[in-house]
């Protein structure tokens, strides 16, 4: 099965940029793009499975912490890695996202090299083993 990345982003410009970046650096991956909370929940509750979810923390209807908590309640999504990203999250909001089921967090503006390097590691991860968290260095310094 091909590695598949679900990107949930409600800003069309940001979605276009992410699409260009990921298709360039990960040509063998399958990409799915959703822009709304309702679309996401319909997709997930219909039993669709992806390898990884990249979630905008500030969708118009709901925030990433609430969404990741809902996703983790779906039994087939308890082990799928989920990353949140945002430009406007406090350290406590990031910690709350991670404590509610998120596995990673990228702070915008993220460096292209950083996000590509971390995403290249993903197929080899053991997701959620002991809830191991790999985060942006910003959060690592916050948590220590």
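Glycine too: its Cβ is placed from the backbone N, Cα and C atoms.
Listed features, source TrEMBL:
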DOMAIN    4-123  domain 'Response regulatory'
MOD_RES   56  4-aspartylphosphate
Inset, instruction - Count up the helix, strand and coil residues in the domain 'Response regulatory' (4-123) according to DSSP, in that order. - result: 56 helix, 26 strand, 38 coil
Legend entry - Neighbour count (Cβ, 10 Å) for the residue listed as '4-aspartylphosphate': 22
Inset, instruction - Would you mind giving the whole-number mean pLDDT across the domain 'Response regulatory' (4-123)? - result: 86
